[in-house]
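Look at Swiss-Prot and you will find 49-117, 154-218 tagged as DNA-binding region. Sequence annotations record features per position, and here Swiss-Prot assigns phosphoserine to Ser54, Ser55, Ser60, Ser159, Ser192 based on similarity to another entry. As annotated by Swiss-Prot, N6-succinyllysine applies to Lys66. What Swiss-Prot records for Thr121 is phosphothreonine, and it gives similarity to another entry as the kind of evidence. Under the heading region 'Disordered', Swiss-Prot lists 221-244. According to Swiss-Prot, the site 'Intercalates between bases and promotes DNA bending' annotation covers Leu57, Leu181. The transit peptide annotation in Swiss-Prot covers 1-42 and rests on sequence analysis.
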Amino acid sequence: MALFRGMWGVLRTLGRTGVEMCAGCGGRIPSPVSLICIPKCFSSLGNYPKKPMSSYLRFSTEQLPKFKAKHPDAKVSELIRKIAAMWRELPEAEKKVYEADFKAEWKVYKEAVSKYKEQLTPSQLMGLEKEARQKRLKKKAQIKRRELILLGKPKRPRSAYNIYVSESFQEAKDESAQGKLKLVNQAWKNLSHDEKQAYIQLAKDDRIRYDNEMKSWEEQMAEVGRSDLIRRSVKRPPGDISEN
C-alpha cells in the first residue's frame, strides 16, 4: 500500500495538461488535478459502487511492481517517470485495449450507480448529493494546496503569536496537545510589551521574507504560463501583526 500511495503522490507531479482520468486517458498524461478521481457521488451509507481506474492508471498499477522488482533501489518518482515515458511510447493498438477495458467497466459502474440510487429514499438521495458536493469542494481545495506545494509556493508569514507558539509548544509542561496550547496561550498573554516586541520584529522580518519570495515565485509562474496563480493585488490582513 505504501508503494501505491507514493505512486499517487508522484503521478500528480507529471504535468498540468491532459485529459481527465474519469473520461479515459487517451495518449496524454493526466494532470495533477485529474489524476485524483473524485466520485460524482459518494456516501457514508456504504456499498457505493467503486469507480473503475482509467486506462493510464490501470497501466501504471500493472507496471509499477514490475519496475520495482527490476530496480529495487530506485525512487518511486523515477519509476513513475519511466512508466509515463513507456505509456507515451505505447502503440495506439495496445492503448486501445486499456481504453476498451475502462469503457466496459465504466458502463457497468454507471449501471450500478443507477441501481444504487433507486434504492435510496428522497431524503437519503438529497443527503448523498449534499455529501458529494462537500467532498468535491474539500478535495478540490486539497488538490490546490498540494499543487501549490509542488510548485514551490512560499509559506505564508507567521504572526508574532504563531512564532512564539512554535518556539514554546514543546517546552510546555502538559501531556496533551490541548493542554500545552492552553499553557502557551496564557504565557503569551503574560509577556510584557518589551518581550512581545522581539516576536513582533521576527514576524515583520518573516513578512519581508514572504513578500520577496512571492515576488520571485510569481515571476517564475508567469514565465511557465501559470499566470492564474499570480495575485491580482496584494491584500494585507487588517490588525496588528502580533495578532493570532
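Note that Cβ sites are derived from N, Cα and C of the backbone, with glycine treated the same way.
Ser159 (phosphoserine) is 17 Å away from Ser192 (phosphoserine) when you measure Cα to Cα. Ser192 (phosphoserine) is surrounded by 7 other CB atoms, counting those within 10 A of its CB over all protein chains shown. Put plainly, the recorded sites Leu57, Leu181 were compared by Cβ crowding within 10 Å, and the winner is Leu57.
Under the three-state DSSP scheme, Ser54 (phosphoserine) falls in the coil class. Between the candidate modified residues, Ser55, Thr121, the densest Cβ environment within 10 Å is the one around Ser55. In the structure shown, the C-beta of Ser54 has more C-beta neighbours within 10 angstroms than that of any other entry among the modified residues Ser54, Ser159.
Residue pair Lys66 (N6-succinyllysine) / Leu57 (site 'Intercalates between bases and promotes DNA bending') shows a Cα separation of 15 Å. Mean pLDDT across the DNA-binding region (49-117) comes to 93 in this model. The recorded positions recorded for this entry are Thr121, Ser159, Leu181, and the Cα of Thr121 lies nearest to that of Ser55 (phosphoserine).
Cα to Cα, Leu57 (site 'Intercalates between bases and promotes DNA bending') and the residue listed as 'phosphothreonine' are separated by 35 Å.
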